[in-house]
Structure formats: structure tokens, C-alpha cells
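The following features are taken from Swiss-Prot:
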BINDING   Lys10, Leu11, Ser12, Gly13, Gly53, Arg57, Thr160, Tyr166, Asp169  ATP binding site
BINDING   Gly52, Asp72, Thr133, Gly134, Asn135, Pro136, Phe137, Phe138, Thr139, Thr140  UMP binding site
Amino acid sequence: MPAYKRVLLKLSGEALMGDDAFGINRSTIEAMVNDIAEIVKLGVQVAVVIGGGNIFRGVAGGAAGMDRATADYMGMLATMMNALALQDAMRHANIEGRVQSALRMDQVVEPYIRPRAIRQLEEGKVVIFAAGTGNPFFTTDTAAALRGSEIGAEVVLKATKVDGVYTADPKKDPSATRYTTISFDEAISRNLQVMDATAFALCRDQKLPIRVFSIVKPGALKRIILGEDEGTLVHV
């Protein structure tokens, strides 16, 4: 019996690279889609917000000297490429994925329309939200918090390459330990980089919990949906 009826899955663009240095690793994206298919079969309504850092990041070195708003719009276009790749992989897995974009690109994808997105979720389709919030200076983490709040998701599932939130960077500090649960306020006071501050504040204000987990850990997503202890739960 699923613990959640409707979830917002946040996928980072970097996670799509797999072991590659850039771009989209096909086997990695197929593995992600298989994980999503597992929970769709359980009757869970799934929406996805996808990043673009595997292609372009508005705040990264490649954007040095560039107008920040222009760089952010380029990052939004990168998320569109990832969203189309994810939708295509879903089609091969017999899942109907619908891409809705915060920036209009009508020949390619639908515009973001909240009632339509909710209806598609209720029909069992996976809705992929592209182009972040459609505004520069806002991250795709903030888009995940915003869209999760708008569609009435019960939890934001933040898929990363580490299996939760740690007391310190586990790659740099071998003594770092993982939190199983932590409050928003404690995470803020300890300056734990779960999400950027805007996304974090929005989730806290909307009482929308965040579960941080490893997308590369086999079966992790399904275990979360079944209510098992996986990753770190950030709560009010």
C-alpha cells in the first residue's frame, strides 16, 4: 500500500549524466524511468521537475561574464532538452509522459497550465515540468517547491547522488553521519545545503516535507513510496 498518493520528484540534471562528464547518459535515464514506472504501477501520481546542470548552469563557470538573466534562460532551455529525453525514455517504457513548460514552446511541448497538469496526473500520466519557474534568478529546486505546492503533492522527493542529508560533506569528512529526519529550522540553522534558501522557505511555509535520497541506489524510490525509511526526511 503506497504511503503517498501524489508526489513531486525533483531530478537534478547532473544525475542524468551517470558517469559521463556531460550530457545525457541513456542507460542512466532508462534506469530512472524504470524506477518511476515501478511507482506508477502502484497507482501513485507522479510529477517531475528536472534540472539542466548536465548541459548548462546559469550560475556556473560557463556563464562567466554573461548577463545572469540570459544565462538563466539558457539553463531553462537545458531543462527542456532533459524533459524531452525523459519523455522519450518513458515512451519506450510504455509510460505516458507529458511535458509542460513554464516557457512557451508550443510546437514541442504544452505550456504549464495547473488544472491541466492536475487532470493529467489523475489520468495516470507522468507530468514533467520543464523550464523551471520560467523566471531568471530562481533555481529548479524552487520550481520543485512551487509546482509541488501548486499540484498538492504530499512530498517533494529530491533525488541526488548521495543517500540523504549529512552532518558534513561525506566525500570530504569520513566521520559525517546521515540524518534520518531533521526539521526545516534545524537544517537552516546548521546551514545544511538541502536546497537553496528560497525553495526551502517555500516548502517550510507550505508544510511540504522533502525527502532527500539517492537516485543511484537500486529500489530507493519504491521503498520511499512504500513508507520505508530511506534517505533523510526534512519536515516542519
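Keep in mind that glycine also has a Cβ here, set from the backbone N, Cα and C atoms.
Structure with Swiss-Prot features highlighted.
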| residue | record | Cβ neighbours (10 Å) |
| --- | --- | --- |
| Lys10 | ATP binding site | 28 |
| Ser12 | ATP binding site | 21 |
| Gly52 | UMP binding site | 26 |
| Gly53 | ATP binding site | 21 |
| Thr133 | UMP binding site | 23 |
| Asn135 | UMP binding site | 15 |
| Phe137 | UMP binding site | 12 |
| Thr139 | UMP binding site | 22 |
| Thr160 | ATP binding site | 19 |
| Asp169 | ATP binding site | 10 |
Spatial separation of Asp169 (ATP binding site) from Phe137 (UMP binding site) - C-alpha basis, Å: 26
Asn135 (UMP binding site) and Thr160 (ATP binding site), distance between Cα atoms, whole Å: 24
Additional residues around UMP, ordered along the sequence, whose Cβ is within 8 Å of the centroid of Gly52, Asp72, Thr133, Gly134, Asn135, Pro136, Phe137, Phe138, Thr139, Thr140: Gly58, Gly75, Met76, Gly132, Thr142, Ala143
Residue from Gly52, Thr133, Asn135, Thr139 whose C-alpha is spatially nearest that of Ser12 (ATP binding site), among the binding-site residues: Gly52
Candidates Thr133, Asn135, Thr139 (binding-site residues) - the one closest to Gly53 (ATP binding site) by CA: Thr139
Residue pair Gly52 (UMP binding site), Lys10 (ATP binding site) - Cα distance, angstrom, rounded: 12
Integer Å distance between the CA atoms belonging to Lys10 (ATP binding site) and Asn135 (UMP binding site): 18
Cα-to-Cα gap, Thr139 (UMP binding site) vs Lys10 (ATP binding site), nearest whole Å: 12
